[in-house]
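Everything on this sheet refers to the single structure shown next.
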Amino acid sequence: LQGIFVLGLPYALLHSGYSGLFLIILAAALCCYTGKILIACLYEENEDGQLIRVRHTYEDIANACCKKRSPRLGGIIVNMTQVMELIMTCVLYLVVSGNLLSHSFPYVPMTEKTWSVIAFVILLPSVFIKTLKIISKLSQLCSLVHFIIILVVMTYCLTQMHQWSWAKFRLSIEFEDFLVSVGVIIFSYTSQIFLPTLEGNMKNPGEFRCMLNWTHFFACVLKTTFALTAFLTWGEETKEVITDNLPSFLETLVNLCLLTKALLSYPLPFFAATEIVYACISRGNHSNYRSPLFALGVRGSFLLLTLLMAMFIPHFALLMGLTGSVTGAAMTFLLPSLFHLKLKWKKLSFLEICADISVFILGFLCSLAGIVCSIKGLLEVFG
């Protein structure tokens, strides 16, 4: 919930004004809600009225919704969407790593793509990760580095309090820039892909809803505080990535921290993507598909694929925006609300039905707007 997207929130406030502060809070509430209803779809009541976990993955939920027409169609669509988004996330981390390395060592005569290859070599041990326990340790380190970055930026901003002025906030906003801000804010909260696995691995799954409430609350407070202090410090000069506004001596330090964060963030989406693909392939009865060597080959192939995409896809940022508008909105808003309505319709209250329909419509509009903006950007780039 506190990814690299957070560094773009001050820029989002620049283009959304006061409404951006409201959007940060609203996005937290909506993403928390869709996380809860997604996990609710994993459970069914038994004859005694007790909730039993009868499904285990996002794929199982999709298959349950489509079982009358095609037992596996929903799962295939969900898996393709998940893998596409996860791979794009991994590629983004490689691209960002190459960019950060080139900016941190400007005197070394190497291109960003060459630096991306070096980042790829550093990430090679990821193919040997087999459990979430290792991922959790890396995530802890990632969180620590992230808070160091936030602390450095906010400490500098607090030293500039004498320059703060609420007059820096815009009252009038441009619609297209506002849509970009909406995308940055909403997708800084997305975590639905990982929630079924996370809830299934909790020692006490009954605490999941409480955990989700508190994490989204604290994420919202931190995002709002960070975005507000940074924007009040730089105002109209706020850049897309707020660390670019820092003085040079701090920028190098923060860039190295961001590099560490990007490298530590890579294993989670990589592990999730390879687990989905390996599970799909190994369902057959052929014993070779279940061997550790084959699993290693799948992970190695995926790692190489992310490097090739980072090296050879032009205008990756725009393509990432287009993919995120489709897959991100689908996995975060559209599918959870749709599945919840399908599986729990008879047990939902009128307000819950209205909430699900509202989330679905909002997700559709956000997705459509993001697609239009991304396609427009690609058309401009290609003339």
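Yeah, the Cβs are placed from backbone N, Cα and C, and that goes for glycine too.
Whatever TrEMBL says is automated annotation, not expert-curated.
The domain 'Amino acid transporter transmembrane' annotation in TrEMBL covers 2-375.
Tertiary proximity for the transmembrane segment (20-43) is limited to same-chain residues at least six positions away from its ends with a CB under 8 Å from its CB atoms, namely 9, 12-13, 51-56, 58, 60-61, 64, 181-182, 185-186, 188-192, 195-196, 199, 208-209, 212-213, 216-217, 219-220, 223-224, 227-228, 332-333, 336-337, 339-340, 343-344, 355-356, 359, 362. TrEMBL lists 20-43 (among others) with the feature transmembrane segment.
The transmembrane segment feature in TrEMBL is assigned to 76-95 (among others). Within its own chain, the transmembrane segment (76-95) is flanked in space by residues 58-59, 61-62, 112, 116, 119-120, 123, 193, 262-263, 265-266, 269-270, 272-273, 276-277, 280, 302, 305-307, 309-310, 313, 316-317, 319-320, 323-324, 326-328, 330-331, 335, which lie at least six positions past its ends and keep a Cβ under 8 Å from the stretch.
Listed by sequence, the residues of this chain that lie at least six past the ends of the transmembrane segment (115-132) yet keep a Cβ under 8 A from its Cβ atoms are 94-95, 97-99, 101-102, 197, 201, 262-263, 266-267, 270-271, 296, 299-300, 303, 306-307, 310-311. What TrEMBL records for 115-132 (among others) is transmembrane segment.
Beyond the transmembrane segment (144-166), the same-chain residues lying 6 or more positions past its ends with a Cβ under 8 Å from any Cβ of the stretch are 2, 6-7, 222, 225-226, 229-230, 232-233, 235, 242-243, 246-247, 250, 253-254, 257-258, 260-261, 264. Here TrEMBL flags 144-166 (among others) as transmembrane segment.
What TrEMBL lists as transmembrane segment is 178-198 (among others). Residues of the same chain lying 6 or more positions beyond the ends of the transmembrane segment (178-198) and with a Cβ under 8 Å from any Cβ of it are 1, 3, 5-6, 8-9, 11-13, 15-16, 19-20, 23-24, 27-28, 30-31, 34-35, 38-39, 42, 56-58, 61, 82, 85-86, 132, 216, 219, 223, 268, 272, 321, 324-325, 328-329, 331-332, 336, 366, 369-370, 373.
Sequence-distant contacts of the transmembrane segment (210-233), counting only residues of its own chain at least 6 positions beyond either end whose CB sits under 8 Å from a CB of the stretch, comprise 1-2, 6, 9-10, 12-14, 20-21, 24-25, 28-29, 31-32, 35-36, 150, 153-154, 156-158, 160, 163-166, 168-169, 188-189, 202, 242, 245. Marked as transmembrane segment by TrEMBL: 210-233 (among others).
Annotated transmembrane segment per TrEMBL: 253-281 (among others), in sequence order.
What TrEMBL lists as transmembrane segment is 293-313 (among others).
Tertiary neighbourhood of the transmembrane segment (319-341): same-chain residues 30-31, 34-35, 37-38, 40-41, 58, 61-62, 65, 78, 81-82, 84-85, 88, 91-92, 183, 186-187, 189-190, 192-193, 313, 348, 353, 356-357, 359-360, 362-364, 366-367, 369-371, 373-375, 377-378, selected by CB-CB distance under 8 Å and a gap of 6+ residues from either end. Taken from TrEMBL, the feature transmembrane segment applies to 319-341 (among others).
Residues annotated as transmembrane segment in TrEMBL: 353-379 (among others).
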